[in-house]
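Since the structure comes first, as structure tokens, the remarks are kept for the end.
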């Protein structure tokens, strides 16, 4: 029995797509094929896929909403698991529990509807709840670490564990999940009671700032670089004269130099080449070495 036949038998009922192009699932609109793209409907299907992959020695990875990643043009070998169907969100008092595939922006709107404050900073951050925990996503002075109460994960060995914020060892755009290989299943956020109008005004203000400053009208991977201590990446790139700098179909945004946008059928290689070139030119200009925030996954073509 071939691996494919065994997969279809053991994982019967689970949505699996073979040699599926990933560009249509990525905010950058680039990326090659996944060998097996899987859409589990719940944590039990997810656990079945992980167990099968481990037994068959097939590599696997989970993607959130693919908002802060670049998938290389050669694609990704093994299983790519998209958890967007694991998207239930519930409210209990001042606590919101969200599954990993829940949309982060929509989760902040649920907090607003229940007049819960603390989540406003994330009202414009694209991506999933699971991805936000993985990266300790943040903006405008807030970050996931500030509001996370606990996190349920599936370990790489297939066990379910509940972790505290301390267990996750949050840092700037970092969590312990990045090293552990665990998969976020669900998250509990501890919020506080607030006034609906005040929360909405703050969310509207932050949304306006984002629309004003960021090139939301183009495909992009979000913030490309981490913020250097004492500096802003976008400012350093701008001061190096790189706004509008382009390689292939990808260019440094004129609107915000911290973003690289796909303006003309760019490729993942265009992104990688532009990122490396910007790092080198900023280093030459300011002496500061930018560190990449965006994750680059898969194989080159």
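Glycine is treated like the rest: Cβ placed from N, Cα and C.
In the three-state DSSP scheme, residue 173 (active site) falls into the coil class. Same-chain residues at least 6 positions away in sequence with a Cβ under 8 Å from that of residue 173 (active site) are, in sequence order, 135, 136, 137, 138, 226, 293. Per Swiss-Prot, the feature active site maps to 173 (among others).
All protein chains considered, the CB of residue 223 (active site, proton donor) has 22 other CB atoms within 10 Å. Under the heading active site, proton donor, Swiss-Prot lists 223, citing sequence analysis as support.
Residue 293 (active site) counts 18 other C-beta atoms within 10 Å of its own C-beta, drawing on all protein chains shown. Taken from Swiss-Prot, the feature active site applies to 293 (among others), supported by sequence analysis.
Feature annotation from Swiss-Prot assigns domain 'FAD-binding PCMH-type' to 30-194.
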